[in-house]
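S.K.: This is the structure I have questions about; it appears just below.
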Amino acid sequence: MELFAVPGLPEIRDGDDLAAMIDERVDLREGDVVVVASTVVSKAEGRTFDLSDFPASERAEAVADRLAEIAGEEKDPRFAQAVIEESTELIMEAPFLLTATRFGHIGVNAGIDQSNVPDGDLLLLPERPSESAARIREGIAADRVVVSDTCGRPFRHGQRGVAIGWAGLPASRDWRGERDRDGREMGVTVQNVIDELASAANLVAGEGDGGTPVVVVRDWEFGDHDGSDNHFREVEGDFVRQALRQWTFDD
């Protein structure tokens with residue numbers, strides 16, 4: 001398996017044909033997986049906004065005041081309003097905002113970015129990342145696309161790449177019913193391949209001002225396995241989410 005960044009991409013702006021810009025810069029093959037950072041997808045789709053686009057509601061004022069009290073520094077209620085509008089649920093309101101997006105992703109601040117946004121204050125996640133992945137797939141020679149983001153993980157320090165949208169491949173590879181090396185039947189293992197591809201690509205893409213937003217994964221095969229598009233855990237079976245709903249931050 002080989003991973004390499006797509007070179008020479010300029011700053012992406014609203015309305016840019018991202019698929020064409022990728023396709024003209026690299027000789028893609030049909031079986032390649034193209035991992036595209038959500039930041040450039042959002043920029044091309046016009047998801048850049050100013051804080052003034054989000055007048056603060058009473059709830060946003062209260063949320064920002066609480067966060068400011070905990071952090072010991074002022075928090076902009078307009079940012080809290082943007083998070084509220086981009087979320088279906090605020091799972092935690094302190095000591096930070098843990099949210100569920102409309103498309104099922106759970107993360108901090110609804111994934112809203114304030115870094116590397118030259119045309120505004122805020123960069124929101126794509127509205128429907130899998131549809132974004134499908135549109136990119138239609139415009140490139142490769143037949144598999146993953147839209148990635150970075151986020152933290154419970155029980156571990158640091159961030160890693162995750163998939164928030166995909167097209168042309170299943171989200172997971174199902175090993176259940178197959179045999180291990182000792183001949184025992186596997187009954188549990190479902191491998192989330194799109195998250196693993198996103199995480200591997202993030203090692204190549206990097207972060208900050210030296211980051212490259214599009215990475216090609218070559219010579220990776222899904223194999224002869226059953227696949228599934230189950231990616232975001234259903235609320236009913238998400239016991240951590242249910243527990244966090246009942247948890248209260250004690251400062």
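Indices start at 1 and increase along the chain as displayed.
The backbone N, Cα and C atoms fix where each Cβ goes, glycine too.
In case it helps, Swiss-Prot gives these features for our protein:
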{"type": "BINDING", "residues": "9-12, 38-39, K43, N116, 205-212", "note": "GTP binding site"}
{"type": "BINDING", "residues": "D113, D149", "note": "divalent metal cation 1 binding site"}
{"type": "BINDING", "residues": "T150, E207", "note": "divalent metal cation 2 binding site"}
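What does the local environment look like for each feature on the list?
M.R.: In the shown protein chains, 26 other C-beta atoms lie within 10 A of the C-beta of K43 (GTP binding site).
Sequence-distant contacts of D113 (divalent metal cation 1 binding site), defined as residues of its own chain at least six apart whose C-beta falls under 8 angstroms from its C-beta, comprise T39, S42, L122, L123.
Taking Cβ-Cβ distances under 8 Å and a sequence separation of 6 or more, the neighbours of T150 (divalent metal cation 2 binding site) in its chain are Q159, R160, G161, V162, N202, E207. The DSSP secondary structure for T150 (divalent metal cation 2 binding site) is strand.
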S.K.: Mind checking which of L9, A205 has the fewest other CB atoms within 10 A of its CB? They're the binding-site residues.
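M.R.: Taking L9, A205 as the binding-site residues, the minimal 10 Å Cβ count falls on L9.
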S.K.: Could you round the CA separation between D149 (divalent metal cation 1 binding site) and L9 (GTP binding site) to a whole angstrom and send it over?
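M.R.: Taking the Cα atoms only, D149 (divalent metal cation 1 binding site) lies 18 Å from L9 (GTP binding site).
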S.K.: Radius 10 Å, atoms counted are CB only; among the binding-site residues E11, D149, E207, which position scores highest?
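M.R.: Checking each of E11, D149, E207, the winner is D149.
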